[in-house]
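According to TrEMBL, the feature domain 'G-protein coupled receptors family 2 profile 2' maps to 78-315. The transmembrane segment annotation in TrEMBL covers 101-119, 131-152, 172-200, 221-248, 290-312.
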Amino acid sequence: MNKFGFKWPPPLACELFPTDGMCVGENRTDTSTEAPHAHPRATMFTQMECPHTMQVLSKSKYSLRVANTTLEQCSLPCSADNLVPMMPEQACLSCVNVASSVWWVVLCVAWFLAANLKWAQESIEGLSSYFHMLAWGIPAFLTIAVLVTNSIDGDLFTGICSVGNLKPSALFNFVFIPIFTCIALGLLLLGCGIVSMLRIRRYIKFKHSDIDQNIRKLEKLMLRICAFAFMYTLPTMVSAACLAYEAFMMESWMANWLAMRCARKDRAMFGFSLPRQTCVVHENVRPPDLLIYFFKYLMQLVVGITCAVWVCSSKTLNSYSQAYARIVHGRSQVPTRVH
């Protein structure tokens with residue numbers, strides 16, 4: 001009516017009519033009720049897009065799961081791996097990480113055989129081929145599974161390609177579960193060996209109290225083993241805890257991160273093309289703490305540094321010098337007598 005120049009008649013003003021008692025029936029609706037609208041998460045489900053900067057131009061299938069939505073051919077690039085070939089460095093990184101945990105189990109198995117079952121050194125050395133087969137076979141199998149499922153992607157901070165940086169399920173199944181299983185199994189075998197050594201120490205102390213030298217050697221051996229176990233398991237457990245926390249929170253972190261980037265004024269720099277109204281930020285999601293990633297990387301380095309320092313003894317240096325002499329000079333450093 002206003003469009004054609006007519007005004008609403010004053011006798012028909014809505015304020016003059018009662019809310020009930022009219023022929024159309026009583027108005028039971030709440031006047032303060034807002035118009036129905038779609039749930040924010042549902043809106044984000046239907047309008048979510050993969051930014052142009054994260055789109056993968058490859059024949060292999062990559063996908064990024066964010067807020068129960070799968071974005072096909074979407075992932076983070078490995079910017080730090082552009083100067084090296086794609087294979088085998090990226091696969092070796094995952095393989096060696098799991099292999100270190102399996103070797104920890106092998107060490108605890110050897111300790112268990114020697115301490116509990118009283119195996120001789122020659123008998124344990126006879127199982128070396130089986131130990132190598134397990135220590136390298138299990139990581140190789142997991143690496144093949146990672147490559148088949150395309151679970152290798154770029155790290156958010158280092159840019160190095162590794163497993164499960166954007167896929168919580170891959171991080172939990174291929175990284176956390178193997179490491180946690182190896183730590184638990186190794187600690188169980190180590191504890192059994194320590195209990196057996198304590199029994200031997202008690203037996204020697206009561207039956208052969210005059211042999212103090214053997215008791216001191218046994219105590220020194222137990223101290224060294226416990227020290228190495230502490231220096232290895234503590235950083236590994238902290239790193240595993242960070243991985244578990246990251247696996248459980250990664251999906252919500254990614255959803256909130258994409259929404260915040262989408263809602264910024266410089267959203268075009270990140271490759272977003274949909275309207276800003278479709279960007280829904282979750283207020284209840286806390287951003288990731290940088291200390292979690294700091295401790296994860298630090299503990300991974302601490303494990304390698306402590307193991308390297310532990311094996312750097314006079315015997316190790318002597319073995320390397322002999323190997324160098326044989327490779328370079330074609331002879332051994334052990335002096336020979338001419339008769």
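Cβ from N, Cα, C; glycine included.
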Cβ contacts under 8 Å made by the transmembrane segment (131-152) with residues that lie 6+ beyond its boundaries: 60-62, 90-91, 94-99, 102-103, 106, 109-110, 161-164, 167, 170, 174, 178
For the transmembrane segment (101-119), distant same-chain residues with Cβ under 8 A (at least six beyond the ends): 131, 134-135, 138-139, 178-179, 182-183, 185-187, 189-190, 192-194, 196-197, 200, 225, 232, 236
Distal contacts, the transmembrane segment (290-312) - CB-CB under 8 A, six or more residues away: 97, 100, 156-158, 228, 231-232, 235-236, 238-239, 242-243, 245-246
